[in-house]
């Protein structure tokens, strides 16, 4: 018995030891798994952080590229502007060079003329036969000169305008103007002043000044806001008038609505109408309107005309011949035509009659 009990105890102990060993192994495996998972999480975090950094760098690079593109566009625009300005400068330099050439040619011509004048002056100085006239702004030059020659005691003729032989050539001498020349000059000055006053430029300036004054007065009297309101109200009135005209044109009745079918009465009425046609023409022109009998007929437009006696007689004969051939139906109700006379204000003639007679 003791041996069995001891063996059982040993078995129980062994089972316990095996269970403890298995638990320890499982615990170690779980710890290793947790450690591995922690490492993986840290690696993933580092990867995500690196990705974020890379994205930020990419954004910075994109911004830098955009700025570079903008600067390149600006440089291209500046280059185009500079090329345009350079072309203009080249054109101006060409023009200046052409002008410089012209100026050089003119200067050369003037220098040649100056040389010629100097040579002539030298010749005149050598001969001592020259006279100098100095122009002054205050004293105007005369338009005409009158030279009076006097005979000297020696018998030689001398001019009053020329200085004596003893005077030097540099001295000045005055010339008296005639009264007619002065009057002519004053008249020409007045004419020139009048021309300047009534020239195109002066007239344009006066027009501009007058227009500016008128505009100022307009702005003082009527403000621009009020002027805009008046313009808007005028446009509204125009649009409303057009709409009213369109509505009237749409609502206006047609010519077919004004036509009336009137029944014939008989031979007696036709004969009476044929005989008394001339009288009815005169009476119809005097009567402006007649009352309608039927309720359906509301409005008719009838135009009356003067007829000659011959035409009335011919119409009456034609009606009699037509009604002899066809039997005249007896009307149940007599309907009188509604007549409305429209007289022209300008002409004194009686207007035409438009009556449709139908069975």
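Quick reminder: no glycine exception, Cβ is built from N, Cα and C everywhere.
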Swiss-Prot annotation of region 'Disordered' - which of the ranges 155-184, 185-214 it falls on: 155-184
The compositional bias 'Basic and acidic residues' (227-245), counted residue by residue under DSSP: helix, strand, coil: 19 helix, 0 strand, 0 coil
For the coiled coil (45-129), the mean pLDDT of the predicted model: 91
